[in-house]
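Visitor: Look at Swiss-Prot and you will find N95, N137, N179, N223, N230, N260, N309, N338, N399, N441, N462, N469 (among others) tagged as N-linked glycosylation site, backed by sequence analysis. The repeat 'LRR 1' annotation in Swiss-Prot covers 431-457, and the record cites sequence analysis as its basis. If you look up Swiss-Prot, you'll see 459-479 marked as repeat 'LRR 2', on the strength of sequence analysis. Under the heading ATP binding site, Swiss-Prot lists L592, G593, R594, G595, G596, F597, G598, V599, V600, K613, citing sequence analysis as support. Taken from Swiss-Prot, the feature active site, proton acceptor covers D710, and the record attributes it to sequence analysis.
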Amino acid sequence: MAFSSCFLLVLLQIFSALLLCLAQDQSGFISLDCGSPRETSFREKTTNITYISDANFINTGVGGSIKQGYRTQFQQQTWNLRSFPQGIRNCYTLNLTIGDEYLIRANFLHGGYDDKPSTQFELYLGPNLWSTVTTTNETEASIFEMIHILTTDRLQICLVKTGNATPFISALELRKLMNTTYLTRQGSLQTFIRADVGATVNQGYRYGIDVFDRVWTPYNFGNWSQISTNQSVNINNDYQPPEIAMVTASVPTDPDAAMNISLVGVERTVQFYVFMHFAEIQELKSNDTREFNIMYNNKHIYGPFRPLNFTTSSVFTPTEVVADANGQYIFSLQRTGNSTLPPLLNAMEIYSVNLLPQQETDRKEVDAMMNIKSAYGVNKIDWEGDPCVPLDYKWSGVNCTYVDNETPKIISLDLSTSGLTGEILEFISDLTSLEVLDLSNNSLTGSVPEFLANMETLKLINLSGNELNGSIPATLLDKERRGSITLSIEGNTGLCSSTSCATTKKKKKNTVIAPVAASLVSVFLIGAGIVTFLILKRKKRTKLGLNPNSGTGTTPLHSRSHHGFEPPVIAKNRKLTYIDVVKITNNFERVLGRGGFGVVYYGVLNNEPVAVKMLTESTALGYKQFKAEVELLLRVHHKDLTCLVGYCEEGDKMSLIYEFMANGDLKEHLSGKRGPSILTWEGRLRIAAESAQGLEYLHNGCKPQIVHRDIKTTNILLNEKFQAKLADFGLSRSFPLGTETHVSTIVAGTPGYLDPEYYRTNWLTEKSDVFSFGVVLLELVTNQPVIDMKREKSHIAEWVGLMLSRGDINSIVDPKLQGDFDPNTIWKVVETAMTCLNPSSSRRPTMTQVVMDLKECLNMEMARNMGSRMTDSTNDSSIELSMNFTTELNPGAR
């Protein structure tokens, strides 16, 4: 189509006005010219973007420049580059604001800076692979974009060497977006295409025309025709596509044909989000209508839709789209029977999903390690990026925990023979899961700090071969004497215990013979102490030891785990006396609840609230359950299981001391006993997912496998943050190691939650827990009693099944939710629950499958809630593509 002079004039006026506005707002822009000298900056002449040196954001790499002859072909931010000949992983670190959404762009141009233009290396966003960067010649430029919502206040972008080629980078650009745009259920978005559809100029553009500095490329197709207008188009919605893109569009050349957009050359596992921008840019006659449906892989997903006159409407998918059975991704705009005009499309953005599955190391621990690195001047070539992940690139001398769906934490730090000077840094105390600390063979000075004694997880401290002085904290020496910690201090001639330091001070004015003699005696005593400690420790490995806290000489209930070693939390989960329990509960002053086991009291231990469960009678069954729970909780640790703080066993006085769960149990909240506040559907899904994770850990994360046997809403407790944790393990059973798929037991559990197959056969499997959890899920959806003799069907599962058979899901949903939920997630949870309740255990899902289903539902509900909070300055101009989402609770819509 010819480009009219009038339209060209409008286009040039818009373009010139934007470029001449040198003071145009660049707040939220971070533009790094990689490899340029520190403190240098410039304004790029075609975009007027100000770039600064990257030197303040990275400590490694060397600067370089492209060949002089290439500079006229490329923008100035690519004239320099930073290469990384040393190390495997090198990272940029930017301090930003958690929750902000950024467009992140990495630019690569070899430009002949060395004689090896053929390269391949990897680009990482934090601990997750972003993309593989490949160059084959000097003038091949590559750009990688990611739209990412920050989950921490530190962003790291890393280049990783994967072969012999040297990684490099030319420019790094971050553009802050509005937090209401480009929302996903999970993961981040990598740019697949950003197209100015129907563009009449074959040239891309970015900032100065696009307020967010998105890079747009022209896109036309042989069977499409371009249309344009010289009128202005309102672009003021959240996405703000550039007006230059919106004053042009494409329509099918054949007015009866559909507009098909096919994504080719894509692996069928890739998921996409699609954003389409529409505006009617033709003056329609009174009898003209432009109306069309949006199809995906021959399925109707939105419409009929009519673009607004000279006003931008943005249509997007709130959930990812996937390939069909043939691996195809085909979007189609098809005119309706009421339409006199063909469909049109002005602009389009398509992004692939990068799930970024690897969680970053705990934020506080990363800060601690960065501070330790800086303060000690640690110069280890691999101390770049995240200390723990990915595992292949973790820091030397650092070991971490790696548990699915949990943030990695540092459990071991070895800085021996690292040339450290100064005092022992208090930053170490921020490593709250640290078990082993080795600072040996350095030049550390000062005293042994008290905070080391207060780190509850520490089991081994090696301070030998330093220049430490003063007294060792008495609490640390006491922990060593009790065997809860191993302390090595050899070679620190100025160190002494508190007692020996006092003696030395008192006799300071004596003759030289006295201190020499005292030193010899001290050496002898220390040596004797070490020998004694080693002997006792050796005996401890071969014989059950006495509990130092009991004072009664009784043997602990659980002194060895099933793997043949003492559980690491024995020292923390200590045995208490009955007198201790009386003090903790202030003579059993406040009752929290009562159950079949006994009474639960409120208590305070070490200034922290606890719950104390007392066994009322020393029955054989009660003692057996008590012993089972202590033994289980001393070896099982998970964030979604209640934590045992201590226990007491003195004759018939038996108690369990737990962390205090401030918000009681799930049943109380569903029943309204906790007040008028209502658990939202998102809150219920979160509780379901967390308790499912705890149960899944018992089934699959414990060796031998553990079956809870009493899953119910009263055994799901909620802490002050409403995090759910499974409780009450008195009926739990461990499976013997081996190939057994079930054990034969006397039936135990709670009526209504009890697996009928287990009740009938006495055969217990993990699928018995799955049945009980299915009942819990139905309670979360319906808020109905498990057994109600007044109902047409007394058991909740039978009643829900009856309602579903009548196509009446509306009547089963808790009316307290007031319709504030995504009906698809209701359906999904009910379907999952009914599968869990299958009479045949072999046809029930595993808890792993249940966790996956619930997380999917939670993500969908979170995305819906984020979407409902979005504002749009053009009212109804921003429309979601509803991918099989229903608007009413109607089973027919599914």
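Keep in mind that glycine also has a Cβ here, set from the backbone N, Cα and C atoms.
For the listed features, I'd like the structural context: burial, neighbours, distances.
Guide: The DSSP secondary structure for N95 (N-linked glycosylation site) is strand. All chains included, 9 other C-beta atoms sit within 10 angstroms of the C-beta of N95 (N-linked glycosylation site).
DSSP gives N137 (N-linked glycosylation site) a coil state; it is part of no helix or strand.
Taking Cβ-Cβ distances under 8 Å and a sequence separation of 6 or more, the neighbours of N179 (N-linked glycosylation site) in its chain are G99, D100, E101, I149.
All chains included, 12 other C-beta atoms sit within 10 angstroms of the C-beta of N223 (N-linked glycosylation site). Secondary structure from DSSP puts N223 (N-linked glycosylation site) in coil.
Other Cβ atoms within 10 Å of the Cβ of N260 (N-linked glycosylation site) number 15 in total over all chains.
Sequence-distant neighbours of N309 (N-linked glycosylation site) (same chain, 6+ residues apart, CB-CB distance under 8 A): A279, E280, L284. The DSSP secondary structure for N309 (N-linked glycosylation site) is strand.
With a 10 A radius on its CB, N338 (N-linked glycosylation site) counts 9 other CB atoms from all the protein chains.
For the recorded site, N399 (N-linked glycosylation site), the DSSP three-state label reads strand. Same-chain residues at least 6 positions away in sequence with a Cβ under 8 Å from that of N399 (N-linked glycosylation site) are, in sequence order, I410, I411, S412, V436.
Sequence-distant contacts of the repeat 'LRR 1' (431-457), counting only residues of its own chain at least 6 positions beyond either end whose CB sits under 8 Å from a CB of the stretch, comprise 364-365, 368-369, 399, 401, 409-424, 463-473, 475-476, 479, 488-489, 495, 568, 571-572.
Within the same chain, residues at least six positions away from N441 (N-linked glycosylation site) with a Cβ under 8 Å of its Cβ are S416, T417, S464, G465, N466.
In the repeat 'LRR 2' (459-479), helix, strand and coil residues by DSSP number 6 helix, 6 strand, 9 coil.
Of all Cβ atoms in the protein chains displayed, 19 besides its own lie within 10 Å of the Cβ of N462 (N-linked glycosylation site).
A sphere of 10 angstroms centred on the C-beta of N469 (N-linked glycosylation site) encloses 15 other C-beta atoms.
In the structure as shown, the Cβ atom of R594 (ATP binding site) sits within 10 Å of 10 other Cβ atoms.
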Visitor: Pick the one among the glycosylation sites N137, N230 whose Cβ has the fewest other Cβ atoms within 10 Å in this structure.
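Guide: Ranked by other Cβ atoms within 10 Å, the glycosylation sites N137, N230 bottom out at N137.
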Visitor: Mind checking which residues of the chain, 6+ beyond the ends of the repeat 'LRR 2' (459-479), have their Cβ under 8 Å from one of its Cβ atoms?
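Guide: For the repeat 'LRR 2' (459-479), the nonlocal Cβ contacts are 416, 424, 435-450, 452-453, 485-492, 494-498, 501, 568.
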Visitor: Tell me, by DSSP, whether L592 (ATP binding site) is helix, strand or coil?
Guide: strand
Visitor: When neighbour density is defined as the number of other C-beta atoms within 10 angstroms of a residue's C-beta, which of the binding-site residues L592, V600 has the lowest density?
Guide: L592
Visitor: Taking DSSP three-state, what's N260 (N-linked glycosylation site) in: helix, strand or coil?
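Guide: For N260 (N-linked glycosylation site) - judged by DSSP and reduced to three states - the answer is strand.
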Visitor: Counting distance between Cα atoms, which of the recorded positions N95, N230, V600 is nearest N469 (N-linked glycosylation site)?
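Guide: For N469 (N-linked glycosylation site), the spatially nearest of the recorded positions is N95.
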Visitor: Calculate the per-residue pLDDT averaged over the repeat 'LRR 2' (459-479) and state the result as an integer.
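Guide: It averages 94.
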